[in-house]
Amino acid sequence: MPRSFLVKSKKAHSYHQPRSPGPDYSLRLENVPAPSRADSTSNAGGAKAEPRDRLSPESQLTEAPDRASASPDSCEGSVCERSSEFEDFWRPPSPSASPASEKSMCPSLDEAQPFPLPFKPYSWSGLAGSDLRHLVQSYRPCGALERGAGLGLFCEPAPEPGHPAALYGPKRAAGGAGAGAPGSCSAGAGATAGPGLGLYGDFGSAAAGLYERPTAAAGLLYPERGHGLHADKGAGVKVESELLCTRLLLGGGSYKCIKCSKVFSTPHGLEVHVRRSHSGTRPFACEMCGKTFGHAVSLEQHKAVHSQERSFDCKICGKSFKRSSTLSTHLLIHSDTRPYPCQYCGKRFHQKSDMKKHTFIHTGEKPHKCQVCGKAFSQSSNLITHSRKHTGFKPFGCDLCGKGFQRKVDLRRHRETQHGLK
């Protein structure tokens, strides 16, 4: 179709609509100067333009329709929609265009160079309040960000009052299993509700396992965890009355027994101490003498007593021992080192355990009790010797006559009196 049919004459709509009091945006002659910024500002403010002479060249130009309502600060029609008045601006050049003799009145239309398109400005007042809510989301301030700095917390946007997320939470509204309060803080996809728990919501199974899956050692060290949030998950943990130990912060993170106030550097040492000394649980028993131990390593070391092999020899006196710990204690005799004195009588001992056993003489304490007859002893060695009376076990035998004895001192006396050996 020739371009001449696309250009509208001034008779088509020049007398149907009044002149625009504002600046004319559709002047199509390049020699006509564009209105200045000051003029457009004054006209937009409501000032009337000067009347034009009908015989002036400007009156012969094609006049655009009234665009007073389409000022740069308003948009009453459709939002950013192309108007029908600019149809010839939008239409691309056709391959079968008219010849040069049929060019339009405006030479700028025939040029291939780009030119500014008269878009209508975007108007916020033309939209309803519900249409603007999805464009601008209100984020509520999160107080937990100050408390949990560095924990990766973030705030979720608060949904609309009628949105399903406001009633069921963002996850259930989307089809998920979890639900969260609108505008609440979360730490990932699986944040839980409640103070303190949200800060540890979804930081991996390792961090959550420290609080939800207490082990046997954790149950011994922290008996109060059996009551509270995870009481149902700590059914296998002993009751607090049987644990007799807790952790006490002593500078370097030491562990203190609440029964005897003994301090340990590791939780494992405290656990072994409670099992051996206070709980009465000694599950490892010797097959030869029946002595029980609280740890498997202690039982293996004890089995060396029943063997005749003495592989640890003293280089000073030549005396041999079955265990290296016994040799270390023996070496203190040659050095005459007794660093552990008794607080009652001042007697000094090579080992701390010997000093502790000695103090029972002054205090009268007898912590070792026989399970058969109920007799109590101040030292564990005396209880072991006493228990052989009930079992009939005689570990010390004479190599000359084969007679057995329950105590080593009885064997030595037998050798001196019956065989004349010293």
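Quick reminder: no glycine exception, Cβ is built from N, Cα and C everywhere.
The shown structure was predicted, so the numbers you read here are calculated from the model rather than taken from an experiment.
Within the listed segments 69-91, 92-114, 368-390, Swiss-Prot records zinc finger for the stretch 368-390.
Zinc finger is the annotation Swiss-Prot gives to one range among 128-150, 151-173, 312-334, and that range is 312-334. Swiss-Prot assigns the feature region 'SNAG domain' to one of the listed ranges (1-20, 261-280, 341-360), namely 1-20. Comparison of 284-306, 368-390, 396-419 by number of C-beta pairs under 8 angstroms to the zinc finger (340-362) places 368-390 first.
Sequence-remote contacts of a segment are chain residues at least 6 beyond its ends whose Cβ falls under 8 Å from one of its Cβ atoms, and for the zinc finger (396-419) they are 385, 388-389. Residues 290-291, 357, 360-361, 406-407 of the same chain, all 6+ positions outside the zinc finger (368-390), place their C-beta atoms under 8 angstroms from a C-beta of that stretch.
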